[in-house]
Ligand code: ATP
Ligand code: MG
């Protein structure tokens with residue numbers, strides 16, 4: 001359709017062909033209106049029954065809602081039309097008629113629950129405010145990629161079918177790989193570290209991760225998208241700087257380039273985080289949580305932070321913050337411990353007041369200490385030979401982190417459920433579409 005014009009570009013005086021979906025047909029007797037919707041917006045098409053060809057009027061007014069049509073005709077200024085212009089059709093072509101009954105109302109007049117929406121995601125995404133979430137998601141990923149490129153980071157893609165897990169055996173999805181057991185990757189962690197030692201030095205990846213999370217929660221998916229970053233010759237403090245920079249770049253890009261989308265989602269005061277994010281040690285964090293009095297039971301050193309604990313601290317801090325210096329025993333084997341205090345790790349989390357967004361840290365790059373870490377975590381270093389042996393051939397000191405994209409979008413837009421930020425979520429109940 002070479003000569004197709006977007007509805008938003010149709011100007012009074014133009015003779016155009018527009019194409020899209022039938023949003024609504026309103027028959028007022030002598031005249032009738034068909035509202036045609038495309039990606040750019042909507043346009044009103046006016047049918048004057050007495051003055052127009054009978055077949056044309058018939059076609060225009062009998063077509064079912066959400067059918068795909070094209071209309072060719074004159075554009076005129078019309079103050080009473082919602083967009084200030086309307087079309088007088090010379091011809092109407094029905095390209096594909098929709099069923100009269102729809103499982104979901106894309107005009108949004110009839111509410112649908114999340115499950116019905118996800119079952120009919122195609123129709124659901126015809127709603128501008130749902131599209132807005134994914135336009136913002138795309139802008140976030142663009143901004144993040146640009147930011148990484150501006151600091152000399154190379155985008156990589158690593159395997160998603162792997163021989164071993166990294167983040168705990170219970171969350172692995174096993175698959176059969178030519179008769180042998182394999183797994184869906186839980187994280188690009190080990191691969192990105194290998195690339196830090198490759199001469200690429202500084203890498204990032206945007207890709208899927210798979211976790212057999214047992215429970216359905218509003219912030220866990222079984223397939224999520226992760227933004228991973230890893231760099232040679234930086235420490236955990238510098239990795240936090242990059243992490244903070246990435247987050248601010250994402251917010252600023254959305255504030256600047258997604259004003260229409262933010263409007264649709266009802267934001268008149270979208271705030272971009274500024275100032276340095278506070279960096280609390282784990283010890284300070286649990287003291288502050290205990291001091292809020294929000295928890296039934298006081299936390300003690302070594303406890304992981306529950307959802308309630310994260311909430312209590314988030315309310316107290318009131319913005320993004322880091323938790324640093326985690327106890328070594330609750331951080332993974334690949335995180336480095338402090339030289340003078342092996343019970344404390346150089347791991348960190350970036351927190352949004354509502355939940356964890358990022359985990360990262362300085363990595364253990366010394367072969368001996370790394371293998372020891374495997375054993376302490378009850379993992380068999382032999383199984384990870386492809387990874388550990390590269391630490392014998394010149395592995396630089398390095399640090400990095402990983403974001404969940406959907407959590408970033410969810411917290412940025414205040415979405416209640418992480419599934420809102422995924423086109424086709426995978427969870428305990430949902431394997432299709
Ligand atoms: P949580 O404790 O919140 O379940 P985690 O500590 O297990 O997360 P990490 O292994 O640290 O997760 O992964 C890094 C980031 O990836 C997390 O901070 C989060 O943003 C995201 N992430 C991890 N698991 C999931 C999941 N199942 N669904 C969506 N995002 C996830
Ligand atoms: Mg984590």
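Using the three backbone atoms N, Cα and C, a Cβ is placed for every residue, glycine included.
Whatever TrEMBL says is automated annotation, not expert-curated.
Of all Cβ atoms in the protein chains displayed, 13 besides its own lie within 10 Å of the Cβ of residue 82 (site 'Important for tRNA non-discrimination'). For 82, the entry in TrEMBL reads site 'Important for tRNA non-discrimination'.
Sequence annotations record features per position, and here TrEMBL assigns domain 'Aminoacyl-transfer RNA synthetases class-II family profile' to 134-433.
TrEMBL lists 167, 211, 359, 363 with the feature L-aspartate binding site. The Cβ of residue 359 (L-aspartate binding site) lies under 8 Å from the Cβ of 347, 348, 349, 401, 402, each of these being in the same chain and 6 or more residues away along the sequence.
For the region 'Aspartate' (189-192), the predicted model reports an average pLDDT of 96. The region 'Aspartate' annotation in TrEMBL covers 189-192.
Sequence-distant neighbours of residue 405 (ATP binding site) (same chain, six or more apart, CB under 8 Å from its CB) are 137, 140, 141, 206, 224, 225, 226, 227, 421, listed in sequence order. If you look up TrEMBL, you'll see 211, 212, 213, 219, 220, 221, 356, 404, 405, 406, 407 marked as ATP binding site.
The Mg(2+) 2 binding site annotation in TrEMBL covers 356, 359. Listed in sequence order, 310, 349, 350, 407 are the same-chain residues at least 6 apart in sequence whose CB falls under 8 Å from the CB of residue 356 (ATP binding site).
Annotation comment: TrEMBL describes 356 as Mg(2+) 3 binding site.
Taking a Cβ cut-off of under 6 Å from any atom of ligand 1, the binding-site residues 211, 220, 356, 363 reduce to 211, 220, 356. Annotation for the binding-site residues 220, 407: lowest Cβ count within 10 Å of the residue's own Cβ, 220.
DSSP labels the residues of the region 'Aspartate' (189-192) in these numbers: 4 helix, 0 strand, 0 coil. Look at residue 407 (ATP binding site): DSSP puts it in a helix.
Put simply, residue 220 (ATP binding site) is 9 Å from residue 211 (L-aspartate binding site) when counted between their Cα atoms. Checked against ligand 2, the recorded positions 82, 211, 213, 220, 359 give 359 as the ones with a Cβ under 6 Å from it, listed in sequence order.
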